[in-house]
Amino acid sequence: MDFATASQKKSIASLLSKRIVDLSFNKYSCYVVEKAIICLGHSYQLQMVKNIKGAECKLSINRNGNHVIQHIFEHVPLYAYKSVIESLISSSEIFYKIVTDKYGCRVIEHAIQNLEFQVMNSNSQQARDLLNNILPISQTKHASYLVQKAFIYAPSELLHAMMNEIFDYCNKQTEHNKCAIDVMLYDKFGKHVIQTMFDIAIKVKFEGIKGESIWFDRIAEHILRHRKELLRHSSGRKIVEKLYEVSNFFSISS
């Protein structure tokens, strides 16, 4: 395809578009589809994206199809693939199914990363819906990693909203009658989300990045409250030691 003429590219695009879904599921032909997405022009990309309509979710959780969706996010303009994003977040049930799947989570990760570069600084409803849907699933195996990515890539306004949503859960008692942050500190996957939040809070409080210094204070309060229990576990020890490290360093520096 790299050396195809304009007429040849048109023929290739026409042939691929007719059976793009079936070809994307196949472990061999999916590579051809990916190459076409990279090499063909926007008009052909638009046609291919249009022809996967209705199969976006199935492709996202397929071991071969997920790579095709990722290539669309990487090489196709947002205006052309926003319908794909909309289909992935069309309902909480669909989103949960995709983001907790070992292949689907990669698709959502790519969506987050590419939305960050393309629209995170704009008023994109797709970006907002995507990030706002991630928070309730921070304690699941594959999705917890995506929550971390969402915090890292979110612009200031969305970061505030996401932090506040996590903190707001502290006003709602869990089934164990514990604050949500306290539960996440001990959760196998949720603890990584708290660690990411704490890293961001440290940068806000001590390094001057945009945010609220109270984020550090609130998370530190929970860490100190549970420090004895946390010190019994390697991951818990890590976050306690980080709290002591930054607190001592900046108290001495000041």
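Count begins at 1; order follows the chain as displayed.
A Cβ is built for glycine as well, from the same backbone N, Cα and C atoms used for every other residue.
TrEMBL entries are annotated by machine, without manual review.
For 1-247, the entry in TrEMBL reads domain 'PUM-HD'.
Residues annotated as repeat 'Pumilio' in TrEMBL: 14-50 (among others). Away from its own ends, the repeat 'Pumilio' (14-50) comes close to residues 1-2, 4, 59, 62-65, 67-68, 71-72, 75-77, 80-81, 83-84 of its chain (Cβ-Cβ under 8 Å, at least six residues beyond either end).
If you look up TrEMBL, you'll see 51-86 (among others) marked as repeat 'Pumilio'. Note on the repeat 'Pumilio' (51-86): residues 17-18, 20-21, 24-27, 30, 33-34, 37-38, 42, 45, 94, 97-98, 101, 103-104, 106-107, 110-111, 114-115, 118-119, 124, 126, 130 of its chain, located 6 or more positions outside it, place their CB under 8 angstroms from a CB of the stretch.
Looking at the repeat 'Pumilio' (129-164) alone, the prediction's average pLDDT is 76. If you look up TrEMBL, you'll see 129-164 (among others) marked as repeat 'Pumilio'.
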